[in-house]
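Everything on this sheet refers to the single structure shown next.
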Amino acid sequence: MKLIAPAKINLYLEIIGNRPDGYHELVMILQSIDLADEIELHSISDETIRVHCSHPQVPTDKSNLIYRAAELMATKFPQALAKHGGVEITLNKHIPVAAGLAGGSTNAAAVLVGIDLLWNLGLTQTELEDLGAILGSDVPFCVAGGTVIATGRGEQLSPLPSLDHIYIVLGKYRSLEVSTAWAYTTYRQEFGSTYLQDTNDLAARAAAVHSGPIVKAILEKDAVAIAQKLHNDLEKVVLPSYPQVLQLRELFASQPGVIGTMMSGSGPSVFALCETQQQAEQIQQQVRQIIPDEDLELFVTRTIAHGVKVDS
Ligand SMILES: C[C@](O)(CO)[C@H](O)COP(=O)(O)OP(=O)(O)OC[C@H]1O[C@@H](n2ccc(N)nc2=O)[C@H](O)[C@@H]1O
Ligand SMILES: Nc1ncnc2c1ncn2[C@@H]1O[C@H](COP(=O)(O)OP(=O)(O)OP(=O)(O)O)[C@@H](O)[C@H]1O
């Protein structure tokens, strides 16, 4: 079985409070993009989990989110494991690693969906999302995909009408990795005093985003209005610490045809929104001429309406 595991960008990321579990209360708008990994998955006779990936930055031991997703399914469904045997999983990596694009999260989501099908478990999407939440805050979204408002620590999903064919130029320096935990911890240290405390205030803030300008623009499929309302609180701590990311963001913003630009998630990926594929390709070429450094990976991709799916 072969599955497609799309990456994501954050069109909106607001940190609104602390949680008792040490995570942050968020209001986000997550968007699936065409840049994706491929996951091949098949049953093997013994009850083991084998992970293969040739990417130098991706571990193939038990720390890999692919392994952890398969292990979770084996733990939750021991009878199915005994009946069908273990799984051998091969990851063909295209999504930059530790980039703010949910690379590991979407791989985990693909394994949950794939094993559900392989073992004929018949799990609902909500059940798969709930299993995903055990593995990481972005995994439930990666199961669902499309255009979604996410609250809580990112696992409470409220789907929006999907955006597709908004074109994107995405840039990530191979040598840069940003720890998501570092970004949130640093944000808390610097801005934690602004956090909302009361549950009702948190709910009111989430509702305000739901009825606010960027969701209105999404409902109207107004790409220019969406691009003007992009937001990411984590830029406040990542950009000052990573000047190359700030430089790339400013370079994107200066290119004709770019309607908006933002860092994705905890970075260091930066994306620029464009209205046509031709504009995106021209911007990619222009940026490559300005920054010939091969350390900078540049992609042209687009918004899509789905998350993890079986490759037809
Ligand atoms: C930055 C984003 O990618 C935006 O979509 C997500 O918020 C992070 O999603 P993720 O990488 O799946 O996050 P997890 O693997 O669950 O958590 C990684 C670390 O990020 C921090 N974290 C994550 C989510 C959240 N709501 N609050 C947090 O403080 C925690 O320190 C946690 O230990
Ligand atoms: N399947 C996987 N693919 C990529 N990285 C993985 C995987 N499994 C574990 N990792 C580890 O997870 C770390 C974070 O990688 P990942 O690509 O998921 O970050 P990310 O895209 O920033 O995630 P998010 O946007 O959810 O914060 C990497 O440093 C890598 O060592």
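Numbers here mean position along the shown chain, with the first residue as 1.
Every residue gets a Cβ built from N, Cα and C, even glycine.
Just so you know, TrEMBL annotations never went through curation; they're auto-generated.
Here is what TrEMBL says about this protein:
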type     : residues                                                                           : note
ACT_SITE : LYS8                                                                               : active site
ACT_SITE : ASP138                                                                             : active site
BINDING  : PRO96, VAL97, ALA98, ALA99, GLY100, LEU101, ALA102, GLY103, GLY104, SER105, THR106 : ATP binding site
DOMAIN   : 64-146                                                                             : domain 'GHMP kinase N-terminal'
DOMAIN   : 215-289                                                                            : domain 'GHMP kinase C-terminal'
Environment of PRO96, VAL97, ALA98, ALA99, GLY100, LEU101, ALA102, GLY103, GLY104, SER105, THR106, the listed ATP site - residues of the same chain whose CB lies within 8 A of the CB centroid
ALA7, ILE95, GLY265
Neighbourhood of ligand 2 - recorded positions from LYS8, PRO96, ALA98, ALA102, THR106 with Cβ under 6 Å
ALA98, ALA102
Spatial neighbours of ASP138 (active site) among the binding-site residues PRO96, ALA98, ALA102, THR106 [C-alpha, 10 Å]
ALA102, THR106
Taking ligand 1 as the reference and 6 angstroms as the Cβ limit (strictly under), which recorded positions among LYS8, PRO96, ALA98, GLY104, THR106, ASP138 are close?
ASP138
Model confidence over the domain 'GHMP kinase N-terminal' (64-146), averaged pLDDT:
97
Starting from the Cβ of GLY100 (ATP binding site), draw a 10 Å sphere and report how many other Cβ atoms land inside it.
29
Validating a neighbour-count step here. Other CB atoms within 10 A of the CB of GLY104 (ATP binding site): how many?
27
Closest of the binding-site residues to LYS8 (active site), Cα to Cα, picking from ALA102, GLY104, THR106?
ALA102
Once the DSSP letters are reduced so that anything not helix or strand counts as coil, what is THR106 (ATP binding site)?
helix
Across all chains shown, how many C-beta atoms besides its own are within 10 angstroms of the C-beta of LYS8 (active site)?
27
Let me check the 10 A CB neighbour count of ALA102 (ATP binding site). How many other CB atoms are there?
29
PRO96 (ATP binding site) has its Cβ surrounded, within 10 angstroms, by a count of other Cβ atoms equal to 24
